[in-house]
Amino acid sequence: MGEVSQKIMIPESFQFQVSSYDISDQLKLIWELIKAPLIVPLLTLGVYISLAMSLMLFMERVYMGIVIILVKLFWKKPEKRYKWEPMQDDIESGNLNFPVVLVQIPMFNEKEVYKLSIGAASNLSWPADRLVIQVLDDSTDPAIKQMVELECQRWASKGINIRYQIRENRTGYKAGALKEGLKRSYVKHCEYVCIFDADFQPEPDFLRRAIPFLVHNPDVALVQARWRFVNADECLLTRMQEMSLDYHFTVEQEVGSATHAFFGFNGTAGVWRIAAINDAGGWKDRTTVEDMDLAVRASLRGWKFVYLGDLHVKSELPSTFQAFRFQQHRWSCGPANLFRKMVMEIVRNKRVKFWKKVYVIYSFFFVRKIIAHMVTFCFYCVVLPLTILVPEVKVPIWGAVYIPSVITILNSVGTPRSIHLLFYWILFENVMSLHRTKATLIGLLEAGRVNEWVVTEKLGNTLQKAADARKANTKAPRKFRFKFTERLNTLELGFAAFLFLCGCYDFVNGKNNYFIYLWLQTVTFFITGIGYVGTIIPSS
């Protein structure tokens, strides 16, 4: 009777719990069996590799910091380093002492900005008979093509030599359009070509400040101006972009120009010597960074580049996270793929000095275009969180805290007005390193999306019109919004969950207090995961 009672008294739920505990014990046993011989050595290797990459990036940033200080204090300005004389109007010879300049404006369905770029180019202070403006329209929307053509006709009626050019297909994308534009018969009289993307608005004196470097220095192929952003204060997303790009222009471009007369052409707001383009083999569409491709090839032919940090051209930053992601994929995948294609060509080149080849291969490509993306993601978003789950693997404090802090401080020198946003910028850059690392690997391995080209959406003065409408209490133009499901980014949400769990584990069992960083990084991954990173307006 007692045995029967015992059988009745044992609940089925208790039997299920016992079996569950058995499974849990088995998983723990398996984990302990593989942890020591497999997990710990692999994670330790990951820590060593990450620390090595961190040191490489640290030394690169310190080197750049030292050089930029020397440049600012002791280097002569470009006008003193190179021969430069202002273009003079000559009454006797008329405008013959002014070279014929071609201005190319590549476009693709640029409904919001086409008037801005065409108008700015048409207002350049250069003799009308020595200037040719070429609008290269690859638009697929017939209505937009008609609007662009009418705008060109409007300026032509004012005496501007402007040509509207279209192609039957978009072969080669931007590189194809620029290459096709140079084939036109009227271009053979042009000595220089100035390139502006559809959202770029040069000041009237742009050519008068840039062209003399090319006219008086026959070994100079390119003069690059600095970008200035008209919508930097629109939201937190644009402020983050401004911080990253300001470092690029303030430090990277300046150092490359001053020390090796080489830097990557930014694809716009620059003036090329057409003879240098032809000497380098012309435009090629083998990667999504046709501008960098041309710059590297021209440099290997012995041509020099000049960067003018005080010559600014207004432009626009992507104001939606989706547009920014596509842009960053192209900017990360393209350089890695170009590195794969050109590294041996650079090594074998005999026209360039040894130290310039070292700079191009190691500093320009390997550290900045590959290591910088990978160490940020692999170390701070993967390896460091995993060491919390495997306490046998230690990360030295100098690698986890001190070196990253110095790198961050050095990266922030370009935008002192946003220093109060520095901490969130770090978290946001860690999120973006996920996509940049993925794109870099695609470029190195030449995988599926290696040649993906999505034109960055531009809004022009739509935002200003909306602000003016709000002030006037009138109805603002509607801005296209994505549905919530279209805004979701599952990759970011997945990493948010991973980092949150690692943070919880560290909070309960850890000793390093990494959970503070992990939870803050979780919030940033989550915000980007639901697509709302571009909706926050930063406080000044």
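Each Cβ is built from the backbone N, Cα and C atoms, and glycine gets one as well.
For reference, TrEMBL has these:
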- 29-49: transmembrane segment (TRANSMEM)
- 192-389: domain 'Glycosyltransferase 2-like' (DOMAIN)
- 358-390: transmembrane segment (TRANSMEM)
- 402-428: transmembrane segment (TRANSMEM)
- 488-508: transmembrane segment (TRANSMEM)
- 514-537: transmembrane segment (TRANSMEM)
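Long-range contacts of the transmembrane segment (488-508) within the same chain, counting only residues at least 6 positions beyond its ends with a Cβ under 8 Å from a Cβ of the stretch, are 321, 325, 381, 385-386, 388-389, 431, 434, 514-515, 518-519, 521-523, 525-526, 528-531. Packing against the transmembrane segment (402-428) from elsewhere in the chain are residues 54-55, 57-58, 61-62, 64-65, 68, 236, 239-240, 242-251, 380, 520-521, 523-524, 528, 533, 538, 540: each is 6 or more residues past its ends and has a CB under 8 Å from a CB in it. Restricting the average to the domain 'Glycosyltransferase 2-like' (192-389) gives a pLDDT of 95.
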